[in-house]
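Colleague: Copied straight from Swiss-Prot:
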- HIS82, HIS84, HIS252, ASP326: Fe(3+) binding site (BINDING)
- HIS82, HIS84, HIS252, ASP326: Zn(2+) binding site (BINDING)
- ARG91, TYR154, HIS187, GLU255, SER331: 4-imidazolone-5-propanoate binding site (BINDING)
- TYR154, ASN328, GLY330: N-formimidoyl-L-glutamate binding site (BINDING)
Amino acid sequence: MENSKILIRNAAQIVTCHGDKARRGAEMSDLGVIEDGAVAMSDGVITHVGPTEEVLRNIHAEDYLEIRAENQAVLPGFVDSHTHFIFGGYREEEFSWRLRGDSYMSIMERGGGIVNTMKATRESDFDTLWDRGEERLDELFSMGVTTVEGKSGYGLDLQTELVQLRVMSDLNESHPMDVVSTFLGAHAVPPEFAGRTDDYVDYMIEEVLPAIRAEHTVTFCDVFCEKGVFSLEQSERLLRAARHHRFKLKMHADEIVPFGGAELAASLKCVSADHLLHISDTGIKRLARAGVVATLLPLTAFSLNEPYAPARKMIDAGCAVALASDLNPGSCFSASIPMMIALACIYMKMTPEEAVTALTINGAAAVGRASEIGSISVGKRADVILLKYPSYKFLPYHVGMNLVDTVIKDGELYMM
């Protein structure tokens with residue numbers, strides 16, 4: 001439903017998550033909650049935020065579509081800052097193998113894993129990838145996600161990487177959600193470069209990066225920096241080349257073993273370092289010092305039955321922590337934002353306040369958009385969600401249940 005002016009009034013809580021940059025350490029506990037609050041928006045932009053009586057004194061309420069939210073909490077739209085939602089095929093057999101005890105890396109080493117999805121994605125046409133991608137965006141949108149990051153990395157050649165990124169660009173134009181695109185050509189080494197990882201990195205740098213940049217639709221470059229995949233030196237070489245082409249930088253770091261990926265991300269001042277299940281204490285300190293967002297993916301640790309990233313230690317050390325789904329066909333075939341929040345609180349020892357911050361303003365910072373989205377602040381885009389309950393604390397408490405009642409995206413109203 002479209003309306004140029006919307007007023008949410010008498011909300012049990014307006015959870016503002018105020019600010020225009022990532023919140024670090026103890027700052028993550030400050031949600032800026034307004035009780036009996038109101039939010040006014042016009043032409044897709046937030047114009048007034050505050051106690052209901054104050055907002056009503058400053059607007060002509062009769063000009064607005066009113067939503068009375070006496071028993072509802074109102075939050076910024078969620079930002080899912082790490083996904084791989086465009087892919088062909090599925091890997092349900094590999095999930096069964098992992099249940100029998102096979103490790104993620106052992107499956108990858110014998111031709112499964114990412115290369116398995118690469119084959120299916122290369123065989124998929126644009127329309128099929130688009131249709132499946134739209135379905136996944138719809139699922140995320142229904143759970144309150146208004147901005148999503150999506151990675152390529154299942155083509156591992158120029159042609160298919162471009163197809164993945166063009167699908168994301170097209171969905172960004174056609175779907176209510178915003179899609180922030182990331183080039184992840186260095187996700188694995190394809191069979192045609194087996195045993196020649198340095199040559200593959202050269203190919204990425206010399207041929208693929210310039211062609212991706214020419215598309216003018218891709219914001220980030222990412223790399224899977226991991227033992228047995230891309231070394232620290234190879235990762236740094238690729239990321240420095242990407243920066244030369246004016247990409248912002250991300251890293252998959254320290255997911256499988258302690259590898260020094262977080263330290264590299266800090267030295268390169270990446271926007272975010274992601275996964276971090278096996279980050280070192282030194283890596284934590286350097287991420288905090290460098291201001292790199294630590295994007296943690298509890299659904300993946302759950303799906304792989306691996307130890308969770310040390311969120312509590314990171315926050316206490318002054319890191320800015322974000323949470324994301326890591327939706328992908330292999331290590332985490334789930335987009336369950338509600339389950340992710342519960343896992344973060346129960347197993348990673350994050351408080352409900354920290355989890356909300358991690359999925360809003362810090363998620364926005366992880367995609368370089370904290371000045372536009374991620375908080376209910378005057379001048380920001382009108383990306384707002386209403387819950388079915390009167391407090392944000394129901395998010396981890398009502399485990400695994402979708403509590404989103406209404407989504408407002410760019411000032412347009414969607415009833416879930």
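Cβ from N, Cα, C; glycine included.
Could you place the listed features in the three-dimensional structure?
Modeller: Counting only residues at least six positions away in the same chain, the Cβ atoms of GLY150, LYS151, GLY153, TYR154, LEU184, ASP326, LEU327, ASN328, PRO329 sit under 8 Å from the Cβ of HIS84 (Fe(3+) binding site).
Other C-beta atoms found within 10 angstroms of the C-beta of HIS252 (Fe(3+) binding site) number 29, with every protein chain shown included.
Note on SER331 (4-imidazolone-5-propanoate binding site): other Cβ atoms within 10 Å of its Cβ, all shown chains, come to 25.
Its Cβ taken as reference, TYR154 (4-imidazolone-5-propanoate binding site) is surrounded by 31 other Cβ atoms within 10 Å in the chains shown.
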Colleague: In Å, rounded, how far does the Cα of SER331 (4-imidazolone-5-propanoate binding site) sit from the Cα of HIS82 (Fe(3+) binding site)?
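Modeller: Cα-Cα distance, SER331 (4-imidazolone-5-propanoate binding site) to HIS82 (Fe(3+) binding site): 13 Å.
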Colleague: Over all shown protein chains, what is the count of other CB atoms within 10 A of the CB belonging to HIS82 (Fe(3+) binding site)?
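Modeller: If we count other Cβ atoms within 10 Å of HIS82 (Fe(3+) binding site), we arrive at 30.
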Colleague: Taking the mean position of the Cβ atoms of HIS82, HIS84, HIS252, ASP326 as the Zn(2+) site, which residues outside that list, in the same chain, have a Cβ no more than 8 Å away, listed in sequence order?
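Modeller: Leaving out the recorded residues gives THR83, LYS151, ASP274, HIS275, LEU297, THR300, ALA324, ASN328, CYS332.
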Colleague: So of ARG91, HIS187, which of the binding-site residues has the fewest other Cβ atoms within 10 Å around its own Cβ?
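Modeller: It is ARG91 that, of the binding-site residues ARG91, HIS187, has the fewest other Cβ atoms within 10 Å.
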